[in-house]
Amino acid sequence: MNKIYNPQPENWSEILKRPTQSFNDIEETVKGIFKEIQQKGDQAVIKYTSLFDGITLDNFTVTNEEIQTATTLVSDELKEAIAIAKDNIFKFHNAQQTSKIEIETTEGVQCWQEKRPISKVGLYIPGGSAPLFSTVLMLAIPAKIAGCNDIILCTPPNKEGKINPAILYAAQLCGVTKIYKTGGIQAIGAMTYGTASIDKVYKIFGPGNQFVTVAKQFASQQGVAIDMPAGPSELLVFADETANPSFVASDLLSQAEHGKDSQVILVTTSKNILNDVETEIYKQLEKLPRKEIAQVAISNSNLIFVDNDTLALDLINEYGPEHFIICAKNENYFVEKIENAGSVFIGNYTPESAGDYASGTNHTLPTNGYSKSYSGVNLDSFQKAMTFQKISKKGIQNIGKSIEIMAEAEGLQAHKNAVTLRLNELNKA
Ligand SMILES: NC(=O)c1ccc[n+]([C@@H]2O[C@H](COP(=O)([O-])OP(=O)(O)OC[C@H]3O[C@@H](n4cnc5c(N)ncnc54)[C@H](O)[C@@H]3O)[C@@H](O)[C@H]2O)c1
Ligand SMILES: N[C@H](CO)Cc1c[nH]c[nH+]1
Ligand SMILES: [Zn+2]
């Protein structure tokens with residue numbers, strides 16, 4: 001890890017660069033694959049699944065038999081763990097339901113807002129380097145609560161053309177309607193345009209590597225909505241002398257093991273903590289099965305010392321981490337003042353892994369600084385807020401004049417007439 005002491009604010013953006021390729025680096029590849037999917041449909045999906053995932057499939061729809069077999073392959077212990085996570089994720093997302101908001105803005109003018117589900121949604125479940133069945137829970141549970149009708153799921157197959165049983169088990173448990181064995185850019189392209197096998201959806205959800213993320217961003221230019229850019233995982237920990245260095249190191253490694261392009265950062269006001277966390281990281285790294293991956297991510301990561309909490313907070317808001325852990329005696333200062341972070345974890349006993357799996361919050365979160373402008377997945381992501389209004393005769397008499405004057409001032413006579421005709425009729429009565 002790179003050790004940096006008191007970096008000057010003018011150098012922060014350089015120091016805080018993500019180790020991923022840019023949208024421009026990948027856009028041409030995405031454009032080419034999307035074009036082929038538009039022209040050749042399933043044939044192009046087959047071609048790119050063969051190229052990137054090393055398996056040629058003539059049918060990528062998962063069958064009921066495959067789902068039943070998968071269910072028998074998942075251990076009871078894992079099923080119980082999934083049930084606990086599902087329960088907590090359900091509770092947190094179900095509590096996000098809002099009731100109808102209704103108000104009479106002027107006498108006789110009734111306005112209200114109600115949420116309606118997005119009827120066709122596509123969930124992307126990463127499967128390149130680890131089968132993230134927990135992501136099925138994070139996406140399908142809120143989709144179901146929202147009332148989405150068609151919930152389709154794409155995930156890459158392994159070299160035998162199979163999907164990890166836990167992904168299939170979680171998908172049927174949470175009410176996913178169809179599952180397809182395809183991943184990467186080709187899965188996003190298929191859900192964007194639709195093919196003979198894979199349905200076109202209205203909104204695509206889910207995290208993925210940089211290829212998936214750029215494909216989703218490109219899809220959003222093709223008329224499909226996306227949740228957000230949710231790319232390679234990130235974690236920033238703020239720790240002062242009250243932190244436990246081995247806990248902090250374990251948290252940093254937990255996100256470093258996701259991928260070589262993950263990034264983790266420690267910001268601290270204590271030089272002792274900086275050194276102790278560094279020592280712990282290398283000690284714990286040695287024992288990790290995914291050492292080779294985590295090691296690369298760690299080499300792109302920083303341990304940063306700053307003089308005080310104020311500077312630390314400014315730097316953290318500039319970075320806008322996906323995950324932000326606070327281990328500080330002054331924790332309320334950070335909790336109250338943090339502006340840019342996907343999800344915040346507070347105190348020595350709140351590991352980031354809790355949010356990844358089972359506390360109830362969603363783990364599909366904006367990366368690459370997008371926490372400055374995007375929320376993580378939540379119940380609202382699967383709904384649209386629709387507005388309604390009903391105006392009585394009294395109501396149109398109350399606001400009609402204002403509408404006429406404004407329409408006239410914009411030079412839109414037909415708009416004005418729509419009110420004038422009604423007012424004239426009421427004046428006659
Ligand atoms: N931000 C979040 O909320 C969040 C949540 C979970 C996981 N993640 C991230 O998701 C990512 C999962 O990545 P993954 O790779 O394991 O799985 P993935 O499913 O996202 O990507 C695998 C697919 O990428 C495609 N691919 C691989 N190399 C390619 C190339 N050179 N050109 C074009 N396509 C290529 C293949 O089609 C493959 O099927 C990790 O980076 C992890 O950090 C993020
Ligand atoms: N940390 C990931 C989000 O960046 C989510 C995840 C799934 N499984 C383990 N972790
Ligand atoms: Zn994780």
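FYI, residue positions are counted from 1 along the chain as it appears here.
Cβ atoms here come from the backbone N, Cα and C positions, even for glycine.
A TrEMBL annotation is a machine prediction, not a hand-curated record.
Cross-referencing Asp87, Asp150, Asp199, Asp356 with the Zn(2+) binding residues that TrEMBL gives (Gln255, His258, His415) picks out Asp356.
Per TrEMBL, substrate is bound by Gln255, His258, His323, Asp356, Glu410, His415; the candidate from Ser233, Ser299, Ser301 named for the same site is Ser233. Cα of Glu322 (active site, proton acceptor) to Cα of Ser233 (substrate binding site): a distance of 7 Å. Checking the binding-site residues (Gln186, Ser233, His258, His415) against His323 (active site, proton acceptor) with a 10 Å Cα-Cα cut-off leaves Ser233. In this record, NAD(+) is bound by Tyr124, Gln186, Asn209; the longest C-alpha to C-alpha distance in that set is 13 Å.
Residues Ser233, Gln255, His258, His323, Asp356, Glu410, His415 are recorded as binding substrate; their most distant pair of Cα atoms lies 56 Å apart.
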